[in-house]
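J.: Starting off with a structure, shown below.
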């Protein structure tokens, strides 16, 4: 989330040369009382140069090693505090949760989420609380997850068939391409139901893919709020607005079809709530679109990238692969595919593998930024109202201070059950915690577990000829999620063709 948009970087260099802006950009923060320690800041750009040396989560971890787990960094004009310890994270996300429960307004979310009407970036308040309740009770509940089981079953079996076709002749293929297609199609069918035909669905996903390309960091105006006009001058804002309009055009057609074809899709559920008019706030089709867009941005790439990281870790650790595959096959053998989802609860070791994958490869290395709503203290330091707060979950999850053999892939470390997805241990926050915790973990895990189980059951996996486990690079790139920079190439050999069970 701290990646700096390349266009913003170029613009930044240009602006630095304009002396007329010097006085504006070098204004000092009015409060220095017990401010957290931090690295040096330059006039104009603050501490942005510290983030250009390596991946942001890595650079911030290294800086925290010198300046402490509560660290101040001025990013452009924005005062930012970086949290890198479980104790400080607990203060922010539990003890003073309400104080840090809001979000800053960022250009991309402002435009694509219809003025931050989505649950991810809506400012904290009565509207957001209503939205959160609507999502947890209606859209992302255990009941809704069960209701979507037939779609999950169908799309994950389709994934297996697509892998069988791609792996013909034991040729290496790119697993990520098929995973993304599977998760996109599942989310589209869950969101839109049968009302959204193949062509309309494809138009929506194409437009969404273009939009997500802009989700890889902060825009210039996000770092220099008084200079937001720069984003308009460079044409960035107009490009984002054109993309939103393109997405909106397809979205409106889908919503219209859902309105004329009542069903149980997520859009239909929201439309019924809209028509009932029982909410405390005006609720229109625009709100419906903002919520559904969150489902795609927060769900599809999350599941596909996590699965690819998991397969990467298993290929690097053959003994873990053998153990988890034996468990899955022991449970699934001689069972109908229609029974697979009901048997997932018996795959205890596979669940540990997923947990360990999310420890080493969190979906968001830096949790979505929080906004301090009133001046308070964290770790004995004053955090001023309006400060952005970043939680470096990646750094805590890989710290030898909190984990034995922190860099090794050891699923057994979770056997004691003390770490869960709800934030029971603050050094492990794959979905965040507190009020702004991701509400879709049950929804996401149901799909992720079935995909992983079927990949392990139906195929034996190997690396391309001449490649060894140690040759797999684990370099990441941060966009909407942290995904592999170079997609994994694998060879799949059918263990038991799906046709034998169908």
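In case you wondered, yes, glycine gets a Cβ from its N, Cα and C as well.
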J.: Please identify the range among 4-26, 27-49 that Swiss-Prot labels transmembrane segment.
T.: 4-26
J.: Do you know which of 106-128, 129-151, 152-174 Swiss-Prot annotates as transmembrane segment?
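T.: It is 106-128 that Swiss-Prot describes as transmembrane segment.
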J.: I want to check the contact list for residue 438 (heme binding site): same chain, sequence separation of six or more, C-beta distance under 8 angstroms. What comes out?
T.: 298, 431, 432, 444
